[in-house]
Amino acid sequence: MTATDIARTAVGIIGNIISGALFLSPAPTFVEICKKGSVEQYSAAPYLATLVNCMVWTLYGLPMVHPNSILVVTINGSGCIIELIFVTLFLIYSGGKKRLKVLLWLLLELIFISVLTFITLTKVHTFKKRSAIVGTTCILFNIMMYASPLAIMKLVIKTKSVEYMPFYISLASFGNGVAWTTYSLIRFDKFITIPNGLGTLFAVAQLILYATYYKSAQRQIAARNGNGGVNLSQVVVGRDDQSKPDN
């Protein structure tokens, strides 16, 4: 193993750790759901979006699609399991039309990944073409997932408060983007570089917004609670705050 391979593996392991933490970040939300026995107003959209994203990236990292990408498979395969657990819990604790809607979206995603896998492995016969087809799909899904942070950033600017944009998730998203962008540049892979490079830029923008509106958020929270000593870190964000490691 060359020094380049060692460096790439080390960075990939770091990326796996950070991405794993991001995948698990909604766990407190689901603990709350289990205690209450209902999903209430929570949305399954972030978990369904992350699930299909992880499935596509797992396919991309398979040896018969894009060789030497085992660390892409390990983290996204783990992400698939974690998101399936979250979606299953959502199905258990939701009812009526909401449960049916989630079930239909899950079925569509499974059909989509099955068709993509079948076409890639049976109709395309070179690594280059397989990587291009699945890699382009990965980029498209990652770009669609950027709608979530954009909406949060718009809310921050509108309210002049970072109350609903958790600092540690933004920081972890930045670390995740840097790790996977570095990983992809050591042995250049444009399909990993493009989405994670963009993800890093979005995370930087979030951190800049946090620094800009932190004091304003402190004042708003203090005024609302009638207590000047309230700290932003004490605010518990109970809504969907998951970010896909763009990998």
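Backbone N, Cα and C define each Cβ position, glycine as well.
Copied over from TrEMBL, here are the features:
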TRANSMEM  6-24  transmembrane segment
TRANSMEM  44-63  transmembrane segment
TRANSMEM  69-93  transmembrane segment
TRANSMEM  102-121  transmembrane segment
TRANSMEM  133-153  transmembrane segment
TRANSMEM  165-186  transmembrane segment
TRANSMEM  192-214  transmembrane segment
Inquiry  = So if I exclude everything within five residues of the ends of the transmembrane segment (44-63), which remaining residues of that chain have a CB under 8 angstroms from its CBs? That is, six or more out.
reply    = 23, 26, 69-73, 76-77, 79-80, 83-84, 86-87, 90, 94, 98, 102, 105-106, 109, 112-113, 116-117, 120, 131, 134-135, 137-138, 141-142, 144-145, 148, 191, 240, 242, 244, 247
Ask   = Does the chain bring the transmembrane segment (192-214) near the transmembrane segment (133-153), so that three or more CB pairs sit under 8 Å (pairs 6 or more apart in sequence)?
value = yes
Note = Per the Cβ under 8 Å criterion, with at least 6 residues separating them from its ends, the transmembrane segment (102-121) contacts 44, 48, 51-52, 55-56, 59, 64-65, 87, 90-91, 94, 130, 133-134, 137
Inquiry  = At a C-beta cut-off of under 8 Å, are there same-chain residues at least 6 beyond the transmembrane segment (165-186) that contact it? List them, or none.
reply    = 4, 7-8, 11-12, 14-15, 18-19, 21-22, 25, 71, 149, 152-153, 155-156, 192-193, 196-197, 199-204, 206-207, 209-210, 232-233, 237, 241, 243, 245-247
Inquiry  = Which sequence-distant residues neighbour the transmembrane segment (6-24)? Criterion: at least 6 residues beyond either end, Cβ under 8 Å.
reply    = 50, 71-72, 74-75, 78-79, 82-83, 169, 172-173, 175-176, 179-180, 182-183, 186-187, 242-245, 247
